[in-house]
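Scroll down for the structure; my scribbles are underneath it.
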Amino acid sequence: MTTLKEAVTFKDVAVVFTEEELRLLDLAQRKLYREVMLENFRNLLSVGHQSLHRDTFHFLKEEKFWMMETATQREGNLGGKIQMEMETVSESGTHEGLFSHQTWEQISSDLTRFQDSMVNSFQFSKQDDMPCQVDAGLSIIHVRQKPSEGRTCKKSFSDVSVLDLHQQLQSREKSHTCDECGKSFCYSSALRIHQRVHMGEKLYNCDVCGKEFNQSSHLQIHQRIHTGEKPFKCEQCGKGFSRRSGLYVHRKLHTGVKPHICEKCGKAFIHDSQLQEHQRIHTGEKPFKCDICCKSFRSRANLNRHSMVHMREKPFRCDTCGKSFGLKSALNSHRMVHTGEKRYKCEECGKRFIYRQDLYKHQIDHTGEKPYNCKECGKSFRWASGLSRHVRVHSGETTFKCEECGKGFYTNSQRYSHQRAHSGEKPYRCEECGKGYKRRLDLDFHQRVHRGEKPYNCKECGKSFGWASCLLNHQRIHSGEKPFKCEECGKRFTQNSQLYTHRRVHSGEKPFKCEECGKRFTQNSQLYSHRRVHTGVKPYKCEECGKGFNSKFNLDMHQRVHTGERPYNCKECGKSFSRASSILNHKRLHGDEKPFKCEECGKRFTENSQLHSHQRVHTGEKPYKCEKCGKSFRWASTHLTHQRLHSREKLLQCEDCGKSIVHSSCLKDQQRDQSGEKTSKCEDCGKRYKRRLNLDTLLSLFLNDT
């Protein structure tokens, strides 16, 4: 025979409310509370195989113990004095007295002492030597072998007597059945509370946000969201919770046990509810639907957070920036933006984040996990939202239309970001350089430039990138993959954005217009660079010669002059060029192709820029004016040469005689004089001349004679 060790006491299972909490209970809830407490006590007595004094137990069963009409009284005796403090509460014309928090603490302590005195007489069955322990919820914590097995639920117990008690609880009659859903209850009061769910009856309203509840206890718990009250503290770390259940869930974090494992991906969770919510990722199920906008969510928590979007009232305001929030927790998280606090740390790389969801997104970068696959093309995504947007690409569905230009978008956020292109709004500013962005995502990407962060490395060449998309585009250079094809001309591209921009060549669309001169461009970046022509800003400086440029592309092209790099080679003659456009124009010389024709005189040119310069001959336009003497020129090259006359600058020097010359053409003539070379040949007589000028003079004389 063994005695019960660490058996549960009545104080352990007692649900003790404070006076304020008790005042919030209505009549039906108080009756339900009474019945539950009495049943807990009966269960403990059955475990002990003894009972209290008959008068004491009947005293506990009387309703006046739980709901009194008069003021403070003293009544009853249980192994000593039990002080009963009565309180009158007026509600709807009736008086319903409530016993106080201190009263029940005293009663539960006395009942526990009485139970402790009975421990020595507790007898176990001879079935097993090891006792079991009963926790505060009257569930069984098994210690060793469990030979006795329940017939109904297959639950195992260490002792037959406890098994008998368990079977009694299992067989307890639930005589009150809901007509709507068939759910059964032991008490009629519990059934009445449950029926409010079907009727949609919500008697209790929140004064702050107007949310309605069908139970006053639910309202009380909800109000803690607005007040920030967290009465349940973790003894390990001191973290507070608004609900007792939240504390129970949190305590399992300290143990580290994750018994619930997903069969699909093997991910482990502390609670079964977390596993069920996670499994909806694989199934795609979203059972929680917003009544206002019909948007669906996987969890009720996400639905509740979404509901705040529709709430007009945002009572919690930030003192620093004035931004308002519907939840106090959201305000607390927002304050970290101002304080710079980042409480969520990545264990892989040590990076910290303000928001937990940002940490979750970041961790996927390390794991590379992409659990969401497109059935059409097999493409994988990290998030279900990414897959949802991608599916619309195959279906061609563009639900969201821009009212300005009629352009369609797959998501409302894309449309919202696009509309800023029309308004010019850039609400996201970089604190380092002051640059503005239309989207927060673009700002986050930009800030990596200041931090020098480039976490994505190419395995082929070792080059690093700040973004995964840039690495993906770069890898196509090595593989030669160009998955995006133009349906008009068949040209292929490595990026979808390049194809999108290229299509404007066929459509002639130039949506970006300069407000200064009216010139239009196919890309916003082209317009941005063009504006510097009017402002005169040249932010890109060459470190070799100090020359400034209005775009980084022009600077890169210029630097090839110093490095001598000419990566574009002509297969016909082997000549090299520093620009792709130059070799394209050069190839036309071999093919005698001159696609650009002057409408005035019919003269044709290999380059559009040549035609543009030639047309100034007909229009008389001379846009380049000398600030020194006021003389105007048709071309920038002649203007630059003319300015050397004023500055007395002679940059070109003959290597043979050391003579300094202003014009490159004069330098070439000088070098021909030194070498005796005659490169200009008359096609009629075959005579050669050192200079083109001499040949032109001869031809003019010949033409005049004829």
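Cβ coordinates are placed from backbone N, Cα and C, and glycine is handled just like the others.
Checking K61, K183, K267, K295 against Swiss-Prot for the annotation SUMO2 cross-link singles out K61. Segment annotation: Swiss-Prot labels zinc finger over residues 316-338 (candidates 63-85, 316-338, 684-706). Swiss-Prot lists zinc finger for one of the ranges 129-151, 152-174, 428-450, namely 428-450. If one looks beyond the zinc finger (596-618) by at least 6 residues along the same chain, the residues whose Cβ comes under 8 Å of a Cβ in the stretch are 585, 588-589, 634-635. Away from its own ends, the zinc finger (400-422) comes close to residues 389, 392-393, 438-439, 511, 524 of its chain (Cβ-Cβ under 8 Å, at least six residues beyond either end). Residues belonging to the zinc finger (372-394) score a mean pLDDT of 79 in the model. Cβ atoms under 8 Å from those of the zinc finger (568-590) belong to residues 557, 560-561, 606-607 of the same chain, restricted to positions at least 6 beyond its ends. Under 8 Å from some Cβ of the zinc finger (344-366) lie the Cβ atoms of residues 333, 336-337, 382, 455, 468, all in the same chain and six or more residues away from its ends.
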